[in-house]
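As annotated by Swiss-Prot, zinc finger applies to 6-28, 34-56, 62-84, 90-112, 118-140, 146-168, with the evidence given as sequence analysis.
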Amino acid sequence: TREKPFTCTECGKGFSDKSNLRSHQRTHTREKPFTCTECGKSFSQKIGLHNHLKCHTGEKPFMCTECGKSFSNKSNLHTHRKIHTGERPYICTECGKTFPRKKNLQSHQTVHTQEKPFTCSECGKCFSQKKNLHTHQKIHTGEKPFKCNECGQAFLRKRNLLSHERIH
């Protein structure tokens, strides 16, 4: 193992070189010096910005050998592969439900805490999960993304489309 003479004064973690220590320290300061010129989103690491830029170029060099779906970064491909393996290592201690990603578990846990951190800017209604806020906001925009191939009727929610399709 390499010598780690550079130590973080905040948490005690050691690093082999000063640039890695500086990069790590931004996790404590929340400093994000790398900014996307396209959309303004900022990152604490240069690699974060580099990976993000691919969403603007559409570049997706990491392909799943199982199904052919492509991803802009290796981390997203790795997470995606859990769909095929069935791996769901993150477990909710409250109800036992399992998740393939840590952030899915964290999002789910707001259901148990009654925390509703996502607020609609249009009407003030609050939601425990971001995806539910996004679905709700379509009420205000009138967007109905799920369309019946049979008759053309459109729906706000996929479950409503599936229910509707049973009548054809």
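In case you wondered, yes, glycine gets a Cβ from its N, Cα and C as well.
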*Between 0 and 100, where does the mean pLDDT of the zinc finger (146-168) sit?*
92
*Beyond the flanks of the zinc finger (62-84) by at least 6 residues, Cβ under 8 Å*: 51, 54-55, 100-101
*asked:* Can you tell me which parts of the same chain pack against the zinc finger (118-140), counting only residues 6+ beyond its ends and a CB-CB cutoff under 8 A?
replied: 107-108, 110-111, 156-157
*Apart from its near flanks, which chain residues at least 6 from the ends of the zinc finger (6-28) lie with a Cβ under 8 angstroms of it?*
44-45
